[in-house]
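Per TrEMBL, the features are:
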- Cys178: active site, acyl-thioester intermediate (ACT_SITE)
- Arg67, Gly68, Gly69, Arg70, Tyr71, Thr72, Tyr73, His74, Ala147, Ile148, Gly149, Gly160, Leu161, Ser162: substrate binding site (BINDING)
- 230-242: compositional bias 'Pro residues' (COMPBIAS)
- 29-216: domain 'BPL/LPL catalytic' (DOMAIN)
- 219-250: region 'Disordered' (REGION)
- Lys144: site 'Lowers pKa of active site Cys' (SITE)
Amino acid sequence: MEWIASPAPVDWPDADRIMQDRVAALRRGEAGEAVWLLEHPALYTAGTSARPEDLREARLPVHEARRGGRYTYHGPGQRVAYVVADLAARGRDVRAYVRALEGWIVATLAEFGLQGLIRPGRVGVWIARPDLPPLPDGTPREDKIAAIGVRVRRWTAFHGLSVNVEPDLSHYAGIVPCGIEGHGVTSLVDLGLPVTMGDLDAALKRTFDAFEAALPRTDRPLPRALAAPSPIPPASLPPGPAGPVAAEDA
């Protein structure tokens, strides 16, 4: 797995183009799998299940993402990890892939003493908030700290996940995050943890074994070119309850 990091925010259209290029290169046997760490400028993306009523206020640019899920917010202070993964070499199981992403996030949060929660019917990773009042029906409050949205094309997965480090949480008021009403959104800093983006990146790398263990490669014969360097080197990167998966055959 190749790791790529962009030091400056990458606008959505540029990120989408780079992901599409990487997917095509992997399918041609010219590149391997990759994790791309980046931030976006403040914006909303709409997944394939997005509903008009979930966009409460278009206060930011809105981009059609063609990933699974509904609306989400991206912006400075949020770490986005786009994962280009060869699911043909990892068991051809999309559900297992999403579980592997969830497990990776949970393992990463544990590095900071947090217990990440996975809830059926609520995509993403959640944090219990006993310090806050319960919901009107008495349900204990849980806030979302990480989102997952994936697209799969001929067993190549892309898009990925986001973890809130210190974003402007007020922008979530413009949408119903991931179509889930009632529960809130939080971040590492909002929870009182003095975590930097560099701290999170280091934790993501340390815990990536959790992803590999959950979704190991089958070591099928691969084209020789997959061992070659990425055709998208870091220098070329721009400076600076619907399901979480969208699948297609083309």
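Keep in mind that glycine also has a Cβ here, set from the backbone N, Cα and C atoms.
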Within 10 Å of the Cβ of Tyr73 (substrate binding site), how many other Cβ atoms can you find? Include all protein chains, please.
25
How far is it from Gly69 (substrate binding site) to Lys144 (site 'Lowers pKa of active site Cys'), counting Cα to Cα, in Å?
15
Secondary structure at Arg67 (substrate binding site) (DSSP, helix/strand/coil)?
coil
Can you count the other CB atoms that lie within 10 A of the CB of Ala147 (substrate binding site)?
25
Cβ-Cβ distance under 8 Å, sequence separation of 6 or more, same chain as Leu161 (substrate binding site); the residues meeting this, in order, are Val80, Ala81, Val83, Leu101, Trp104, Ile105, Ala146, Ala147, Ile148, Gly149
What kind of secondary structure is Leu161 (substrate binding site) part of, going by DSSP in three states?
strand
Within 10 Å of the Cβ of Gly149 (substrate binding site), how many other Cβ atoms can be counted across all chains shown?
29
